[in-house]
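> Shown below is the structure under consideration.
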Amino acid sequence: MLYWSLLDSQKIIFEQAGGLAVDTTTTGIRSVPCWLTKQRVAFYSSCVLIVELGYLALRFVGAYVLNLPDFVALGWDHAVFWVASRLAIEGPAANAYDARLTEPVVSVLQHFVLHRPFPTPWIYPPTFLVVVLWLALFPFPLSYAIWTAIGVAFSGFALGRILRPSSLAWWLPVLAFPALWIDLMAGQNSLFTMGLAALAFVLLDRRPTLAGVCIGLLAIKPQLGIVFPVVLLVGRRWRVFSVALITVSIFCAVAGVVFGFGIFGTFLSVLPAFRKLVVNANWPGGLPTWFGFARSVGLSPSAAYLVHAIMGVPSLALAVFLFASRSRAALRSAAVALATLVCQPYLLGYDLVWLALPIAFLIVDGQQHGWLKYEVPVLVAVWLAPLGLFFPQLHFGLCMPPIMALLTLVLIRRAGSRRGATD
């Protein structure tokens, strides 16, 4: 009794300090750990943010001041988007898929003056080419700045709809999330895809039509939408599924009208070569997937795909189960977002910005229903883990699959507890 009284006291102190309120009345449910006050969250997040800003400054000086060949320029993936946009504007748009035309310009923008470890071709669907078509209307640096600013604003808005933080201090861990900075430095599209998924989850029950539109817009990177059709069908979300399908169809039709429908055949023709690159390339830091992990220990591609499929089953099965059983929205959403990552054989560090979704939804569920033992430390570890990808020589990407598996276990344990009941 004294122990639980202390926990209740910690809860009161935490709330008075401006923290997040939780319910500790259910048996087996704990309050937020006493060490996780608003002040400490702000301090620890600020420390991580200082490291990230220092790393960014180092990259900037190395690439632009000292002109060191081993320092890739900021926006190295955005360079591919910008060149594809320029080729599409000049026409024909299918030229964006011709590596002989893209590589010479991309290499210069990426600062690969003396050497190039592997090519970075344009392998995105025509739907995404529609989205980036405007980029080359601006000089590359300005285009990169506008793109990242829009991505930060959009993803911040979407995460705010989930977390609804009570003070600005709670935005610090969002801003300091290491995967966010990986995406910003690359100039990738992960902030947009994560934002679309976040809004889809938030709107799923209240505005199913808009949720379907958000899911359909994931056609800009279709592999990140593969789990949604499965869980929507299992959960009998017919309207959301239908709207998503219609949105994808309209999106593809627009791309076909703008570029010519033959561009879809061109897109499909470059995929086998990229698959070969994924299998054989020595990716800096390692692919943060079970496939990448298996390849790193010497397994053949076929064996690596088998390992990946086996390890992805628990996450996908959990997402399907939670949708079929109509469990609480936060748990369903966290499971789908995590399964989306775990099911991908090919991911890079910037894709891990999607980890913000299971973290955010588990925080929401913890606020409303309390915490089980060890959950908060696991979430802190998952939040911090992408920081290791800042240093490719550590090959920390290979540690990410076990870390995501640990998060899956947290979700399974939480769903199996009393608080995992339906809404």
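Placed from the backbone N, Cα and C atoms, the Cβ positions cover glycine too.
Because TrEMBL annotations are produced automatically, they should be read as predictions rather than curated entries.
From TrEMBL, for reference:
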- 41-58: transmembrane segment (TRANSMEM)
- 122-138: transmembrane segment (TRANSMEM)
- 144-163: transmembrane segment (TRANSMEM)
- 175-204: transmembrane segment (TRANSMEM)
- 210-234: transmembrane segment (TRANSMEM)
- 241-274: transmembrane segment (TRANSMEM)
- 303-324: transmembrane segment (TRANSMEM)
- 336-363: transmembrane segment (TRANSMEM)
- 383-412: transmembrane segment (TRANSMEM)
> Does the structure show the transmembrane segment (144-163) and the transmembrane segment (41-58) touching, where I'm treating 3 or more Cβ pairs under 8 angstroms (sequence separation 6 or more) as a contact?
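Taking Cβ pairs at least 6 residues apart, the transmembrane segment (41-58) and the transmembrane segment (144-163) are not in contact, as fewer than 3 fall under 8 Å.
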> Can you tell me which recorded stretch out of 122-138, 175-204, 210-234, 241-274, 303-324 has the most Cβ pairs within less than 8 Å of the transmembrane segment (41-58)?
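Comparing 122-138, 175-204, 210-234, 241-274, 303-324 against the transmembrane segment (41-58), the winner is 175-204.
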> Okay, the transmembrane segment (122-138) and the transmembrane segment (241-274): do they have at least three CB pairs under 8 Å, pairs separated by 6 or more?
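These two stretches do touch.
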> When each of 175-204, 210-234, 383-412 is checked against the transmembrane segment (336-363) for Cβ pairs under 8 Å, which one has the most?
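Per the Cβ count, the answer is 175-204.
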> When you scan the chain for residues with a C-beta under 8 Å from the transmembrane segment (122-138), skipping those not six or more beyond its ends, what do you find?
78, 80-86, 88-89, 93, 96-97, 102, 146-147, 189, 219-222, 251-252, 254-256, 258-259, 263-264, 267, 270-271, 274
> Determine which residues of the chain contact the transmembrane segment (175-204) at the Cβ level, with the cut-off under 8 Å and only residues 6 or more beyond its ends counted.
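Counting only partners 6 or more residues beyond its ends, the transmembrane segment (175-204) has Cβ contacts under 8 Å with 45-46, 48-49, 52, 55-56, 59, 74-79, 81, 128, 144, 147-148, 151-152, 154-155, 157-159, 161-162, 210-212, 214-215, 217-218, 220-221, 224, 228, 237, 240, 329, 332-333, 336-337, 340, 349-357, 360-361, 383-387, 389-390.
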> What residues in the same chain, six or more past the boundaries of the transmembrane segment (303-324), come closer than 8 Å to it by Cβ-Cβ distance?
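Residues 227, 230-232, 234-235, 289-291, 293-295, 331-332, 335-336, 338-339, 342-343, 345, 401, 404-405, 408, 411-412, 415 contact the transmembrane segment (303-324) from elsewhere in the chain.
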